[in-house]
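Engineer: Before I ask anything, let me first share the structure, which is written out below as structure tokens.
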Amino acid sequence: MARVFEYFVVCGIGPEIRTLDGNRGFHGTGFMYLSSLLDQFPSSNNSLYPPPPPQLSTCVLPAGVEFYSSGFDPNDVSTFPRSYPIVLTEGDGSKIYVSCIAFRDPVSEDIAEAYRIPANSFADKCICLVSRSPSFSVLRYALEEIFTLCFSPTGSSKPLWDVVAFMVSNVPLPTPGKDRVLFAIENCLLSVEAPPKDGLPHADISFQPLVQCLDVDNLIKLFAAVLLERRILLRSNKYSLLTLVSEAICHLIYPFRWQHVYIPLLFFSGVDYIDAPTPYMMGLHSGVDTTGLTMDGVVVVDLEYNRITTSEEIPPIPEPELSSLRGEIMKLLYPKVVGIDQMKGSFGGSPEQYPRGDSKSWGEEHDLQLRLIFLKFFASILSGYRNFIENGSNHVFNTQAFMKKRSRSTNQPPESMITQFLDSHGFLDYLERGIGSDENNNNLLDKLQDAIGRGQNPMSILPSPLTEPEIITISDPGVGIAGSGAKYCYDRFPSYIRTEEQEEKRKAILLAASGALEYAGRYNPSSPSVHLGKESMAESLSPRERAAERERMVLDIKVKLQGLWLRLLRLGSTDDPLSSFEYGTILALIESDAEGIGGSGFVECIGEHIHSGWLGQLTEEQFVAVKELLKTAISRATSRNDMATVRDALEVSAEMFKKDSNNVPDYVQRHLLSLSIWEELRFWEGYFDYLMDQSSSKEANYVTLVTAQLVIMASHMAGLGLPDNDAWYIIETIAEKNNIGYKQFIKLRGLLSHIQLLRIGYWGNSCVKVQSVSSSGLASPHSQDAVGESQQPAEASGVGRSWVQSMFSRDTAARTNSFGRVRRWTSDNGTLDAKSIGSPRKSDFPTAGQKKAQSVVRILRGHNGAVTALHCVTRREVWDLVGDREDAGFFISGSTDCTVKIWDPSMRGSELRATLKGHSSSVRAISSDRGKVVSGSDDQSVIVWDKQTAQLLEELKGHAGQVNCVRMLSGERVLTASHDGTIKMWDVRTDTCVATVGRCSSAILCMEYDDSTGILAAAGRDAVANIWDIRAGRQMHKLLGHTKWIRSIRMVGDTVVTGSDDWTARIWSVSRGTCDAVLACHAGPILCVEYSTPDKGIITGSSDGLLRFWENEEGGIRCVKNVTIHYASILSVNAGEHWLGIGASDNSMSLFHRPQERLGSFSPNTGSKMAGWQLYRTPQRNVAVVRCVASDLERKRICSGGRNGLLRLWEATINI
């Protein structure tokens, strides 16, 4: 039986208290704390029902939990309970509807005692009803009745949780249009029903808050922004308003659906996701500060002040639809204020304290009329759209033909707003759902268009109830039984019955917290979290009693740690270690005691387990937990100067490992490099002294003994991944102090180099933390590197952020694996040398002797949509041999506004030379030669233009998908590649397709052609790089090896370089068809690759923001330089003989220079030519989201095209 209510949940302060920053324990009333799931029905051990969403506890109390000195006060409005709905979105797009009531409730006595919380304290608590049905009204009314029943002075006839259990278990979901279910909570009768399926979707909300908060013009502006799938942020000081407005606007775009991230109420700590580059609709409380965010292109809707702001223009709705829509809304509106956040019943007072808003002037009829007004808008603007759906295999919508037909009927040029809407995910999803499915039979848009065409009333398309719904009554047999006069009254919301296991777990957590605080109070009187009474008690103990008490405490903690450690090793493959009881308790013991008993005891437990015969092999889940715990223990020991614990942790980390996919051991020690203690000479000197003291062969030759201990140290340094130069400096310093001979120096140097080579052979170069990356490769909008090593991200916050991360991810597998997401949020991600990656090298910046110069950045305006293609006219493609071609150095841009524009950078103030119009959809690719410009578009056409006159010469049609790549060839030929998987060659003179020269099994994303040899290389979504010999008319090779989309390809001579979403780049031989090397050191998809011809080196740019320089050596290829001056995806890498231009998606650019080597001069980089590239200049970055970049290295210019339609032209050689 499908039920209306899936869960009843209580959230608030649990036994494990942490602040929003992840700090454990109670820190006073001035902090906000993480919410936990306290109770639920059905219970968590009920296998018949899936668990509630893991992000629920974080989202229902978005600001966190606050402690108070007092509870409800009838004279203080701020203490009143708050009722509000929220909507959660699952990874598959399905919605979960939650009604919440937040109130102040007394803190549990056991929690208050364990954490030394002042007596009679209160904290935020939230009760929730969870449902898959959008029945907001019944969810709210039922929850308010439960709340009122709990605190009613007359009490309830049954225990409260029995009332909840009966309601959740027995109220069925009504059949749409047929049933009405009646049920009672004590003496309150409630009903629930659903409208027929062939009508408008069920919307159990009022649209009045939407039209009250926004005037007609702003309502239409928000509606247009939603249709065009912009990034939309709603702001209000009422939680209810954010959810109701978000749901209302989603219903107004029916029959279309919002296809992107949807979070009507964002928890406060997730505010950094506002800078995410992908479309979203999110709501955020007005009290959250967003001044530190870029907010570029975000449509901010202030519901309190009826204000919409954005840095990007929203194309207006065209006429005559705009006037008609505005006029009909104006006729309907009758403003009326409604108190949407007030509760309906009494709570410690009379019902008048919570008055309901008078809704007589606005009812369900007005909601229906408003929805029909917007549906009629779609019927008008998409009039006759069914005639333009091509009945091929893909049912493609002919946007170009539709726009031409509309232009003829309105006598207006194609409108940008409609063009962008027809290109949206929502419209494409509508076509996919409607064609050939049952949904097409109930399509109200089509029915409305037909009714308007026949002159019928639009209301006729809605189903009319022929019969009264069948009444289904659900009665509770336990209520109203004669003779049962018992009443149940509560002074706080009661807890649900816990199982023995739950009770044991709760007591263990509180005992750990209480024991740690007790010990801190006795031996650290300065601790701010304990009372003075405890301090005076500690002072009354004699030294012998104090020593005995300490010994007892140490023994007790170590016994607990031994049991927890063994249980941690029993975690299964499906368990999340970072949210397990064992991990949380061990972490609490490590962090909470002042003298480090928890940290040293944990390391000691591992050592004893290893000495008992344990092999040290861990599963993936155990590996993550142990690594994080060891890092915390080492950080805490370092802060206390406890080098013995650091030393022991170093040794046990070299014994524990996991097996990777290639069955190669990956040791825990390798993941501890980011800790700063390893860079300190004092630690290694102390460790050397310890090894000498522990040596069992003290009668041996002194030099031999010293060398043996240095060998042990060298192995640990290599295991950590300490840079070779740093490791050798430490070993050399200690060796010199102990006066060993030069022969031993040579042996040690050779041994260290050999170990380093072995390590690199297994795992590659070492690196520190890079920006956190989700399992789908999507980075967090804000780097997590600022989090200190000793600070662990909080569990609840991590789950909440993981949920938001999954919304931005398009990978379904990543959404379902919460462990993978949490693990990546809390662990370090990489292994590059801290000195080469953590901060830019000195060689990356101008030297002190260079003259300080600034550069000019010009903003080129002209496009009305996002810039999607950018091309620089080079001297080679226009055969400019003597420098007399004025078009050499032009930039040509294409946009979603369907235009192509030619820019002349030499004409300051009037750079725009020509605007080329002819496409009906976004322009994706541009190329040129001496006299022509060619462009490819989403409209599946290729247009050839005259560069001088800007006239359209030819329109080449034949592709069945959007055209992604174009290339002008000699002999008036054009080469094009498309999403339909074909590569075609065209003769411009005859306007015909000469041949389909290549076919791929999926969309082609990148293409390279060598006009001198006739070799063509192309790749795309099928993860295969294909090589053809066009002149011979045959396919040479299919290069297999990548596992995900290939984004970029570069071919020079016999070498092909490809970059893929599988985080690797590969080097291939054209003649042999073999893979010569795999470059795998990036932490994200590789978006661009370049071949440096003079050096025969490779340059790769990735979504991780890193730029890597690779150099061929005897026996292989290695990374010789890493550049980290960019913080977002590298979009373009363009290398010349002496200059290198870089552009990134965060609108940052950089120009690199390699000094020319004079004859007879000494070059310090002769051993590594690729490492000789030095940063020449980089402009100040401004706020924009960049989609494409092009470089003119001859004139040292870089141009970027933004989502806001602006071009940013940087000239690196001009000083101001």
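Quick reminder: no glycine exception, Cβ is built from N, Cα and C everywhere.
Feature list, courtesy of TrEMBL:
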DOMAIN    19-442  domain 'UDENN'
REPEAT    886-904  repeat 'WD'
REPEAT    916-955  repeat 'WD'
REPEAT    956-996  repeat 'WD'
REPEAT    1001-1038  repeat 'WD'
REPEAT    1039-1078  repeat 'WD'
REPEAT    1079-1111  repeat 'WD'
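Can you walk me through where each of these features ends up in the structure?
Structural biologist: The average pLDDT computed for the domain 'UDENN' (19-442) is 85.
With a threshold of 8 Å between CB atoms, the same-chain residues lying at least 6 positions outside the repeat 'WD' (886-904) that come near it are 414, 416, 419-420, 423, 860, 862-875, 878, 880, 911-917, 919-926, 928, 933, 935, 937, 945, 947, 950, 1190, 1192, 1194-1195, 1197, 1199, 1201, 1205, 1207, 1209.
With helix defined as DSSP H, G or I and strand as E or B, the repeat 'WD' (916-955) counts 0 helix, 24 strand, 16 coil.
For the repeat 'WD' (1001-1038), the list of distant contacts is 961, 964-965, 967, 969-970, 975, 977-983, 985, 1044-1051, 1056, 1058, 1060, 1062, 1066, 1068, 1070, 1073: same-chain residues at least six beyond its ends, Cβ to Cβ under 8 Å.
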Engineer: Going along the chain, which residues at least six beyond the ends of the repeat 'WD' (1039-1078) come within the CB cut-off of under 8 Å?
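Structural biologist: Hits for the repeat 'WD' (1039-1078): 777, 1005-1010, 1015, 1017-1021, 1023-1027, 1084-1091, 1093, 1098, 1100, 1102, 1116-1117.
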Engineer: When DSSP states are grouped into helix, strand and coil, how many residues of the repeat 'WD' (956-996) land in each?
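Structural biologist: Each residue of the repeat 'WD' (956-996) counted once, the result is 0 helix, 26 strand, 15 coil.
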